[in-house]
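S.K.: Right, I'll just put the structure down here and ask away after.
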Amino acid sequence: MSVMDAIVVKKPQAARPSSGAEKPSLIGLSREEMAAALREKGVPEKQIKMRVSQLWNWIYVRGVSDFDHMTNVAKDMREMLKQHFTIARPEIVEEQVSNDGTRKWLLRFPARGAGRPVEIEAVYIPEEGRGTLCISSQVGCTLTCSFCHTGTQRLVRNLTAEEILSQLLLARDRLGDFPDREAPQGTIMPAEGRKVSNIVMMGMGEPLYNFDAVKQALLIATDGDGLSLSKRRVTLSTSGVVPEIFRTGEEIGVMLAISLHAVRDDLRDILVPINKKYPLKELIDACKAYPGLSNARRITFEYVMLKDVNDSLEDAKGLIKLLKGVPAKINLIPFNPWPGTNYQCSDWEQIEKFADFINSAGYASPIRTPRGRDILAACGQLKSESERMRKTERLAFEAMMIANHGADD
């Protein structure tokens, strides 16, 4: 299938009620919060634990999005739940399928408070032996990474734990990854096991600027009695919010990735301006102190290859020196051009020389194969269609290194 053959599937859905009529969702609540919500609606105390267990199983194991499908819950209880709560998925505005099997969903969440509805994109990348979902944590981004398509776009708001988890639930719906579900005909996905085996917090926004919601969502995603993803298959990527890095390992316990991209402070100040606040020494010191760090649980360092900017042999030498003493994997990302950028991708021969040098020093240094370019789903290219039309409000998100993250076992 050629680039022009990429499929676009429009998914119009009924409008959600206005914010004033919006029911609270049970998705994204901790067990304690779910118990409190049921208690407030008059569920007898002696039933609370059992009802929470039922709901948890139906929402996260069976994947239902309608209370009427909860067949072991009494009808009067289902009616109460329907009256006061929701477990609905976000609206799918558009679904695109790349010729390499990559899927991109444009999702719309309802207005909250005095705000307006917001849109984000989630991306699924099937690979041999795994399927990786890239999830967003914010609408927009406060970071101004100069090589990224989203670098000048403002933050609208944080996503809630519900909205973060809903991206995973919706993807599993669409891919037939819940019990008794079938995948769309012709879907490219792993031959065995889960369709969504890995998730990466690398979509729109900086996850560590929305720490509490991200923490709650990931703890639910890795809960052994629910979605049950292995923490070794969940990767959180940060541009370097140093104060929250230790907390990420201590309180969430997932794999860590760092958007590095430069080995000198003067250059990283330009490419990743958060470096002005948290320079390289502080960042690397925080990485060395990451809880659970070992050769079996290495930190991944992302490094976008920019021609004549950061791709010299001296840069490769500096990278090895910088990461000395850090159990690390270095992912080299060929730059994905976007309209108006002044950067170019490094020549392939130079990328291979860079990778060989890093590898000879003992670091795994895979070169990431670009995916989903025909639907603008590749690294740094993601941007919702509705926001392309609203040029003065350009909202988008960074999708750093979606594939090749987390453990395979």
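Glycine is treated like the rest: Cβ placed from N, Cα and C.
Checked Swiss-Prot, it gives:
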ACT_SITE  E121  active site, proton acceptor
DOMAIN    127-376  domain 'Radical SAM core'
DISULFID  C134-C379  disulfide bond
BINDING   C141, C145, C148  [4Fe-4S] cluster binding site
BINDING   G205, E206, S237, S259, L260, H261, N336  S-adenosyl-L-methionine binding site
ACT_SITE  C379  active site, S-methylcysteine intermediate
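Are these features on the surface or tucked inside, and what are their neighbours?
M.R.: Here the domain 'Radical SAM core' (127-376) has a mean pLDDT of 90 out of 100.
Cβ-based neighbour count (10 Å, all protein chains) for C134 (disulfide bond) stands at 33.
Under the three-state DSSP scheme, C141 ([4Fe-4S] cluster binding site) falls in the coil class.
There are 24 other Cβ atoms within 10 Å of the Cβ belonging to E206 (S-adenosyl-L-methionine binding site).
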S.K.: Please tell me which one of the recorded positions listed here (E121, C134, C141) sits closest to E206 (S-adenosyl-L-methionine binding site), measuring Cα to Cα?
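M.R.: Nearest by Cα distance to E206 (S-adenosyl-L-methionine binding site): C141.
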S.K.: Using DSSP with the three-state reduction, classify S237 (S-adenosyl-L-methionine binding site) as helix, strand or coil.
M.R.: strand
S.K.: List the same-chain residues at least 6 positions away in sequence whose Cβ sits under 8 Å from the Cβ of L260 (S-adenosyl-L-methionine binding site), in sequence order, or say none.
M.R.: R268, V272, F301, E302, Y303
S.K.: On the Cα atoms of G205, E206, S237, S259, L260, H261, N336, which are listed as binding S-adenosyl-L-methionine, what is the maximum pairwise distance in Å?
M.R.: 20
S.K.: Return the single residue from the binding-site residues list (S237, S259, N336) that has the minimum number of other CB atoms within 10 Å.
M.R.: N336
